[in-house]
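TrEMBL has this to say about the protein:
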- 43-53: compositional bias 'Polar residues' (COMPBIAS)
- 62-72: compositional bias 'Acidic residues' (COMPBIAS)
- 82-92: compositional bias 'Basic and acidic residues' (COMPBIAS)
- 1-281: domain 'Peptidase M14' (DOMAIN)
- 229-251: domain 'Rhodanese' (DOMAIN)
- 37-92: region 'Disordered' (REGION)
- 111-138: region 'Disordered' (REGION)
Amino acid sequence: LWYLTKAYGQNEDLTELVDNYSFYFLVSQNPDGREYWFAEGNTPHSSRSNQRPVDSDRDGLIDEDPADDLDGDGSITQMWKQDPDGRWERDEDDPRVFRRVEAGKTGGWIRLGQEGIDNDGDGRTNEDGPGGDDMNRNWPTDWKPGYVQYGAGEFALSNPETRAIAEFILAHPNIMSGQSYHNTGGMLLRGPGANYMESVYPREDVRVYDEIGRVGEDILPYYDYMVIYKDLYTVHGGFVNWLAEGLGVYSFTNELWAPGKYFQREITRPDAERLWLFRDRLQFGQTFKAYTEYAHPEHGTVLLGGLNKWASRTTPTFMLEEECHRNFAFTMFHADQMAVLEWGPIEVERVGEGDLWQVTVEVKNEKLMPTRSGIQARNQIGRNDLLTCEPEAGRVVMSGSIRERRDTAISEVRFEPGRVQLNRGVPGKGRVLHRFFIEGAEGTTVRLGYSAERAKNLTMEFKLEARERK
């Protein structure tokens, strides 16, 4: 948002984007979960859910056994305890590292899990923390209940955050594209989230996704363009799945930060040794909490420490500016593929000796996306595009679509020939041609209009004059 507004009036390309399209920004879909992650003890992977109370362990109590930041350092790290029968040992050269020993051997240490205590006395630790609903499993398309997919919520849009966003989107049918950001993994994700939803995507939509994804891999080194169910895992009720499959909105999720960027070499999945090198040499140990003894109420003396919540998933701070810029650049490329319409040449010629005129109208779209996605057209989502022809005096007696200007046969519009509905809209990098037959005196003014829910409308006027071209 900052870059786009600062660039307006200074950068021609970005100024044109703002002039051509409407942008809607949502800073955070999960503000409570985000605030909790920063303010309280967490791991790199925790606080995915919102903070609405959920009985995660089904014991009749709510959020009664969260992780405990025992040493107050803002992170939930690991707990280790010395035990002669333990199956873990500390590395002789690097005591920060614990390794599991071979079968039949002992290492002197046991792993107790994440930092915490058994707050409710049920014999388990950290099993019912704040929240529990996953904001990316609570959307209407292909939603499944919690026994199929953890975190789905009581029903689709059961959470106030998802419902508020859905209501906004439904109130803005002009939205053509959606862009979501998650972490982590270096991915440009599109739907479907389940294999049985593959047939929902027409070939013309897949071509749009493939082209944007191909360019995205160039803009974002170490990122991969992927189909969610095929290349990652199955997702039911995901946000981009609802946008695409439920509304016909072209949508991507960028999984921010790619492990290959640690060293920017051919190794895209660095091993543990290389990761320690990065943490030591480039992050100066800031993502590791040294092990310290702690008197645990259940386990006695334990070691607390290990990688803190900044150790993975989040982009290293000194690399954040480039990561943000490249993802912004991809988002702007994505946005720049939305339909922009313009009139092509208008041909007017008299038919015979009377006051009957043949008018050939062209509407062009040089962008990649059509005015109506294939999913929209197939499932009758939203309002059809509308091409209107209104003579000031006289009437439109017949009209129909044509493929080429030289065509003599038309696909006739049988009702209201001056108001033509186009279910498929104007194709990406394509055009529509329509021919009107108008009865009117020479010099009569004719108004043309083209309206689309997801593109800026067009209007123009011309006169019925022989051989006029505009």
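From the backbone N, Cα and C atoms, a Cβ is placed for every residue, glycine too.
Secondary structure by DSSP for the region 'Disordered' (111-138): 0 helix, 6 strand, 22 coil. A mean pLDDT of 96 is what the model gives for the domain 'Peptidase M14' (1-281). With DSSP states grouped into helix (H, G, I), strand (E, B) and coil, the domain 'Rhodanese' (229-251) comes out at 13 helix, 2 strand, 8 coil.
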